[in-house]
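TrEMBL has this to say about the protein:
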- 1-43: region 'Disordered' (REGION)
- 12-38: compositional bias 'Basic and acidic residues' (COMPBIAS)
- 73-528: domain 'Amino acid permease/ SLC12A' (DOMAIN)
- 76-98: transmembrane segment (TRANSMEM)
- 104-130: transmembrane segment (TRANSMEM)
- 151-177: transmembrane segment (TRANSMEM)
- 183-205: transmembrane segment (TRANSMEM)
- 217-235: transmembrane segment (TRANSMEM)
- 265-286: transmembrane segment (TRANSMEM)
- 306-324: transmembrane segment (TRANSMEM)
- 344-369: transmembrane segment (TRANSMEM)
- 403-421: transmembrane segment (TRANSMEM)
- 433-456: transmembrane segment (TRANSMEM)
- 476-498: transmembrane segment (TRANSMEM)
- 504-523: transmembrane segment (TRANSMEM)
Amino acid sequence: MSADAYHAVTSDPEKGVAGDGTKGHSFDQGDHKGDHKGSLSGGRRASVAESIIAADLLDERYRITKRGLKSRHAQMIALGGTIGTGLFVGSGSTLALGGPAFILAAYIIMTFLVYCVVTAVTEVATYLPVHGGTMSYYGYRYVSRSMGFALGYLYWYALGILVPYEVTAAGLVINYWPNDVNIAVWITIMLVVIIALNFLPVRFYGETEFWFAGTKVILMIGLLILSFILFWGGGPSHDRLGFRYWQKPGAAHPYIKEGDSGRTIAFFETLVLSVFPFTFAPELLVVTGGEMESPRRNLPIASKRYFYRLVIFYVLGVLAIGVTCPSNAPALTNGGAGAKSSPYVVAIATAGIDVLPSIVNAVILISAWSSGNSFLYISSRALYSLAVQGSAPRIFKTCNRWGVPYMAVGASSLFCGLAYLNTASSGSTVFAWFVNLTNTWGMTSWVCCMIIYLRFRKACKVQGIQSPYRNWFQPYGAYIAMVMFTLLCLINGFTVFFPSEWSASSFLTGYIGIPIFFVMYFGHRIWFWRDAWAWDSAEIDMKTGLQEVLDAERPPQVRTGWKKVLYIIE
């Protein structure tokens, strides 16, 4: 939207930001809290606060991000953040713990739950994919300031810490090949590339990520084809595998205890561990909406295709490793070379195929690079979004002439230093710390996303608004996901309560994320104690920024012949 258009909608605070008499709740920013406590007073006060947000987005000192991501970029970024070391590497220890049947069941359940989350957040983001739009921003806008504050810092910290996690995993993968180079050297090289890419204009980031993610997709397709061939005995030894490994060492393993009790424990532990490969994938779609061309048209497309690819690569992927990789293979759990060794690499080596394990490990290394790249991108945008909503210092919404929030990128890059913990501690131990921490935060964020969606849907119903995207399964899916992820969050570290498994460090990493979130939320609530627990649905502002979104839409291109086929593949 042009500056003149913005001045037109903000010039009459008596009528509200939309200029049509619409009233909305206050978008008070931290810098104005003294004037606007008690933000549900409506009328003039609410409209003036909303005008402040609109004016800040236009301030020359704080240029906004630019819509440089094409639909294919957004789809591959979402997919690239999900096909990472959690699937390629972390699934090995999960397979060893629960067995092929339990990991397959767990991934099917998680795919369904993530589908519920994706459809909900896509509906929210498609209606108003503004610059700086994250689920924390929508929480601030549709639920309360405290929700936006707590969720925003959760995203910034959790996603920031995933960058060193991916780099740590990559360092372990490099150790698959014998070398005398200190791992700190590899960490430094990878971090320099990741940080540099995030300081480039978003179109370069999107194009780089498109090809990185494309490499992972090609690898996954190749591994699925190879697994199918090995299943029927097409390997070098012509030994038909079938479901041999489901019979011996078995489809399901007991854990901690023997018998049915042990298998029950193993199933729930497998389900908890299976959360990690899916963590924060839906949020990637939301964040790209603010920098995407024609977001109202492209977001639903990216969401639908993302789900189909999730089913193919994740569900079929774990079925493939359950068929081709014995779940009792020592390499899956020894914590040694190859980051506990990828089950795909172990399966190929077991089949007696030379050279290919090194190629797969090389692509896994690229996947770690790619995932770290995506996580730093979304972490920096989370901090930028916090600054836009007034929950972080204004300096972090500073953008350069290419639309890159470079101060937010720089601050988020500081988390990368945690990767050097790997030089002083066991790499597998650091790997486990990051998995446990991000599991808790990921599930907490999804519960909050469902609350945000339900409040958004109620506001739409009360105000007679229809989102451009609506899924047939909602809002039932949101309720299912909210309940299930609440339960999973509570049992995230349940095994530490068995006497033989008790560990203070495991207990803290398994559950520390929950009290941290509540401290942030209730601490903010105490500071803004006059705020309502949730904005009145009739007063929620559904119009600020809408015109800019509508202006960003472009008519769809008519594709014929091979271009249409290429578009479907993309």
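Even glycines carry a Cβ here, placed using N, Cα and C.
As a quick check, the transmembrane segment (403-421) and the transmembrane segment (104-130) miss the bar of 3 or more Cβ pairs under 8 A, pairs 6 or more apart, so the two do not touch. Counting C-beta pairs under 8 angstroms (sequence separation of 6 or more), the transmembrane segment (344-369) fails to reach the transmembrane segment (265-286), with fewer than 3 such pairs.
Of the Cβ pairs linking the transmembrane segment (476-498) with the transmembrane segment (151-177) and spaced 6 or more residues apart, fewer than 3 are under 8 Å, so the two regions do not touch. The stretch from 104-130, 151-177, 265-286, 306-324 that makes the most Cβ contacts under 8 Å with the transmembrane segment (504-523) is 151-177.
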